[in-house]
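These features come from TrEMBL:
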- Leu18, Lys36: FAD binding site (BINDING)
- 33-139: domain 'CO dehydrogenase flavoprotein C-terminal' (DOMAIN)
- 197-315: domain 'Aldehyde oxidase/xanthine dehydrogenase a/b hammerhead' (DOMAIN)
- Gln392, Phe423, Arg537, Ala704: Mo-molybdopterin binding site (BINDING)
- Glu427, Phe539, Thr635: substrate binding site (BINDING)
- Glu893: active site, proton acceptor (ACT_SITE)
Amino acid sequence: KDFFLGYRKVDLKDDEVLLSVILPWTRPFEYVKEFKQAHRRQDDIALVNAGMRVHITEAEGNWIVSDVSIVYGGVAAVPLTAGKTESFLVGKKLDYGLLDEAFNLLKEDIPLAENAPGGMVEFRSSLTLSFFFKFFLYVTHEMNTKGLSEGLDVANMSAIQSYTRPVTTGTQGYELVRQGTAVGQPMVHLSAMLQVTGEAEYVGDTPTPPNTLHAALVLSKEAHARILSIDDSVAKFSPGFAGLFLSKDVPGANNIGPIRFLQKKNIGPIIHDGEVFASDVVTCVGQIIGIVVADTHDNAKAAANKVNVKYSELPAILSIEEAIKAGSFHPHTTRCLSKGDVELCFASNTCDKVIEGEVQVGGQEHFYMEPQCTLVWPVDSGNEIHMISSTQAPHTHQKYVANVLGLPLSKVVCKTKRIGGGFGGKETRSVIFAAAASVASYCLRRPVKIVLDRDVDMMTTGQRHSFLGKYKVGFTNDGKILALDLEIYNNGGNTLDLSLAVLEHAMLESENVYDIPNIRASGKVCFTNFPSNTAFRGFGGPQGMLIAENWIHHMATELRRSPEEIKELNLHSDGTVLYYGQLLQNCMIHSVWDELKASSNFVEARKAVNVFNSNNRWRKRGIAMVPTKFGISFTTKFMNQAGALVQVYTDGTVLVTHGGVEMGQGLHTKIAQVAASSLDIPLSCVFIAETSTDKVPSASPTAASASSDLYGAAVLNACQQIKARMEPIASRGNHKSFAELAEACYMEWVDLSAHGFYITPDIGFDWNAGKGTPFNYFTYGAAFAEVEIDTLTGDFHTRKADIVMDLGYSINPAIDIGQIEGAFIQGLGWAAMEELKWGDDNHKWIRPGHLFTRGPCSYKIPSVNDIPLNFKVSLLKGVPNPKAIHSSKAVGEPPFFLASSVLFAIKDAITAARAEEGHLDWFPLDNPATPERIRMACVDSITKKFASVYYRPKLSV
């Protein structure tokens with residue numbers, strides 16, 4: 001017990017080595033049990049763990065505790081022994097009568113201060129009692145097997161059942177609608193083999209010239225402060241140091257470009273969205289103050305750490321609630337949409353019931369595999385600048401690097417072969433790192449490479465926006481929704497970035513798939529002293545829909561009906577006019593919903609869950625069905641355009657260059673299929689070149705799930721031009737192959753190169769009027785989930801997930817289903833696992849404005865063992881989409897929100913647990929539904945010792 005002296009300190013002298021650890025054999029009637037609860041079931045350190053041992057002997061006809069050890073980890077710098085509890089238990093018969101006193105002594109033995117490192121004090125404290133309770137039941141059961149004590153009833157047995165994960169099974173269902181030589185077929189991702197063997201090249205793999213410098217950033221350590229001085233006197237003498245560049249060294253403009261606010265008929269004020277290098281005031285921890293370059297990455301980091309910055313601290317806004325109280329909003333970001341008359345509906349007697357509530361929606365880290373990185377180098381003595389960047393938006397890099405260096409766009413080239421994941425995090429936020437590196441490269445006339453370490457990436461690049469939603473809903477006793485009054489706020493961070501567009505999209509998706517005759521929705525973007533939040537798969541849509549699903553479930557609780565009944569009663573139909581004026585055409589939500597109900601056998605699943613819950617006190621199961629409707633298009637109209645360059649060579653092979661970026665989603669594979677089918681050649685004859693701004697200019701970012709639609713149509717347009725030119729020669733019938741035809745065309749002066757172009761027709765939205773058609777079409781889907789939770793620890797696993805999606809005629813069903821599965825698992829992280837923790841009033845053990853969860857040690861994304869045990873994906877059959885290329889539909893973002901079915905299945909299971917204690921009323925469950933939130937919502941005699949029945953762990957929002 002005295003071996004552990006302190007945190008990572010043991011009683012081991014400098015001249016001693018640990019020779020052995022003796023684990024004695026257990027004696028008869030000696031029982032040992034281990035416990036652990038972590039954020040994630042596998043590959044994770046414990047939040048709290050424990051080891052417990054008891055030896056029971058017979059004395060005067062009773063079986064009593066003769067020796068006991070109770071030790072906890074994760075509650076202090078060293079393992080803690082529950083000495084008072086141990087002393088109390090010795091000599092006593094182990095029965096239910098001693099539990100309450102043992103619990104009280106455990107609270108004394110294992111105290112956690114309110115500001116204890118790691119937080120979650122109520123949850124961690126409850127775990128210490130839950131583990132002991134499980135141990136008590138385990139020993140009772142073991143003694144019973146020997147006929148020495150009363151046995152556990154069936155319900156209590158659920159507390160000691162160990163979890164064993166069976167092999168995961170998966171099912172994919174789809175139809176093949178072949179169009180030409182390649183479209184419609186489940187082709188393998190073109191670079192799959194290169195990627196799984198590690199041969200695929202990324203920015204970090206690019207060979208660098210021998211005179212390349214490596215960069216590291218000098219970052220703000222304060223959330224809001226005035227810069228008093230920057231001292232590089234020590235850094236200059238650091239090994240390999242080549243230079244420090246600050247705002248005064250920027251040759252062009254020290255900002256990352258203007259944001260224009262579009263008004264009804266004219267362009268509104270121009271606002272510069274932040275500096276490249278902070279010149280006077282820093283507005284978040286992690287803001288770039290300068291960039292150091294040195295001969296190696298490690299030397300650059302070491303030198304950057306030696307730059308001494310002195311500050312004068314200023315007041316900081318560290319949550320949405322603080323921003324609302326202080327009126328801290330980004331300018332020109334108030335938005336309003338309405339339909340009908342909300343006030344009149346509430347004031348009249350039309351609504352049988354009215355509910356009000358608040359939803360906190362958590363953020364999410366992108367956690368792409370490849371961090372932000374750029375290699376930039378001068379050409380022709382600095383007259384030109386070229387770069388290779390991990391970005392979803394090469395044109396944006398080109399544009400803002402040119403702005404920072406004072407060069408014309410024609411002298412700046414950005415190329416991207418592929419990126420190791422982006423998810424929106426490399427749409428705009430990657431720009432500032434390329435701009436910073438370009439300043440050093442331009443000034444020194446040397447190549448500069450910047451690759452962010454994971455912790456720096458996470459603390460500087462922003463995440464998915466957290467949201468706060470406040471709702472008031474009126475409805476009938478039958479469950480028909482009559483009115484919705486909604487206020488939503490998102491946490492924009494210290495610059496605007498894409499926060500307004502994210503807010504707008506959240507508002508457009510805030511009715512999800514439900515008919516509501518009277519709606520008023522208003523939104524604002526909060527200015528806070530956190531790094532600017534940014535685009536993330538779904539772009540505000542999941543946050544808006546999650547708020548909607550919460551008030552739907554609130555309605556169901558009020559009416560004592562199933563949420564699925566309420567949803568089905570209010571689903572959109574074809575011909576519905578949405579509350580912002582768009583007409584729904586080819587609406588497939590009823591077909592999707594009905595197929596999912598049949599596929600998941602929902603009625604029988606509900607019966608089975610009810611039977612399980614009635615027989616298990618400490619483990620509960622829950623189910624849920626969640627629908628989605630996701631609009632496809634950039635909501636900024638001019639961005640819905642695409643260009644492509646197609647070149648046919650005389651050997652019959654085809655080179656395609658387009659403006660989209662391959663980031664693992666299979667875009668290049670689909671584009672190659674479109675070209676192959678159009679030209680009637682094998683897929684193997686088509687090659688997709690790297691994305692480059694000197695081949696296709698002014699390309700929109702690869703985002704909004706629209707890239708296959710846009711670039712596929714642009715490539716098709718180019719192919720059609722070439723086919724039209726080839727047709728006169730092809731009609732002669734003198735060729736046996738496409739290669740012979742290409743050669744014949746070349747010999748007769750036929751241009752075999754074409755630039756294709758496409759714009760999305762018939763879209764546009766007027767935010768002043770609040771009406772329009774922002775989307776080209778909608779992708780529909782629905783998901784069923786079944787989960788099982790441990791009510792004593794908050795542990796959970798997903799037993800089943802069943803997804804049905806309407807994707808029209810899929811261009812590549814294999815890639816599309818992969819996108820659905822990947823989106824669902826990433827969404828599962830957002831819904832139930834991944835929690836960002838910032839220093840704020842709710843997390844006082846973290847420095848204000850600092851990110852605690854800035855690496856895989858503290859931030860947990862789903863692992864392979866979090867995949868549902870039974871994972872089924874089906875594509876709706878026979879539903880062509882007339883609005884997109886080859887009757888297909890976009891797939892990247894729409895499935896993400898369906899993972900919220902896991903969140904609501906968890907809530908369903910918690911509802912069953914609360915019912916055991918007589919709590920049948922509405923309760924909030926914010927995402928992510930971590931073990932802390934699950935356990936503390938499962939109210940019982942243990943949780944009541946530490947928190948109220950309405951305890952709600954605070955999110956960093």
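Using the three backbone atoms N, Cα and C, a Cβ is placed for every residue, glycine included.
If you take the Cα of Lys36 (FAD binding site) and the Cα of Phe539 (substrate binding site), they are about 36 angstrom apart, rounded to a whole number. A mean pLDDT of 95 is what the model gives for the domain 'CO dehydrogenase flavoprotein C-terminal' (33-139). Counting in whole angstrom, Glu427 (substrate binding site) lies 11 from Arg537 (Mo-molybdopterin binding site) by their C-alpha atoms. Listed recorded positions near Thr635 (substrate binding site): none (candidates Leu18, Gln392, Phe423, Arg537, Glu893; Cα-Cα distance within 10 Å).
Straight-line distance linking the Cα atoms of Gln392 (Mo-molybdopterin binding site) and Leu18 (FAD binding site), rounded to a whole number, equals 52 Å. Each residue of the domain 'Aldehyde oxidase/xanthine dehydrogenase a/b hammerhead' (197-315) gets a DSSP state, and the totals for helix, strand and coil are 18 helix, 47 strand, 54 coil.
On the backbone, the CA of Glu893 (active site, proton acceptor) and the CA of Arg537 (Mo-molybdopterin binding site) stand 5 Å apart. Between the listed binding-site residues, namely Leu18, Ala704, the fewest other CB atoms within 10 angstroms of a CB are found at Leu18. If you draw a 10 Å sphere around the CB of Phe539 (substrate binding site), it holds 28 other CB atoms from the protein chains shown.
The Cβ centroid of Glu427, Phe539, Thr635 marks the substrate site; residues of that chain outside this set whose Cβ lies within 8 Å of it are Gly424, Leu498, Ala501, Val502, His505, Ala535, Gly540, Phe634, Ala703, Ala704, given in sequence order. You'll find the Cα of Arg537 (Mo-molybdopterin binding site) roughly 50 Å from the Cα of Leu18 (FAD binding site).
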